[in-house]
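**Student:** Have a look at the structure that comes next, please.
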Amino acid sequence: DFHCLPGWSAYDQYCYRVFNEPKNWEDAERFCAKQADSGHLVSIETMGEADFVAQLISENIQSEKHYVWIGLKVQNKEQQCSSEWSDGSSVTYENLIKLYMRKCGALEQESGFRKWINLGCIQLNPFVCKFPPQ
């Protein structure tokens, strides 16, 4: 038997919490890591966990929020570009493309926070953290 910290909810050996303060994906992931050892944006590995997380969000979210970050990120492994042009000038616009690519995962309100959707990582959204009990 294990216990989560006050304010956190337990499901299947993990602790979960919804945070309403909007952050971009990277900041949300960093925030989760600071909450506890092995803390991350939530991973959803079973249908039961998906139902639990959807319920938790529905009970804790501010109603006008449409998306909630989860720990899903599209990694571009095959695009290993060098970071400067052959004339030595630095690559600046490549970062802009990355910022606006829809690479980060969220749950959407219209599906009752069950359907995954890809959003631009710089969007500010509430998020769910998950960690194994300490």
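Just so it is clear, glycine is given a Cβ too, placed from its N, Cα and C backbone atoms.
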**Student:** Where Swiss-Prot annotates a disulfide for CYS15, which of CYS4, CYS32 is the other cysteine?
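**Tutor:** Recorded disulfide partner of CYS15 in Swiss-Prot: CYS4.
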**Student:** Going by Swiss-Prot, which one of CYS81, CYS121 is joined to CYS104 by a disulfide bond?
**Tutor:** CYS121
**Student:** Taking each of the disulfide-bonded residues CYS4, CYS32, CYS104, CYS121 in turn and counting other Cβ atoms within 10 Å of its Cβ, which one has the fewest?
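**Tutor:** Fewest other Cβ atoms within 10 Å, among the disulfide-bonded residues CYS4, CYS32, CYS104, CYS121, is found for CYS4.
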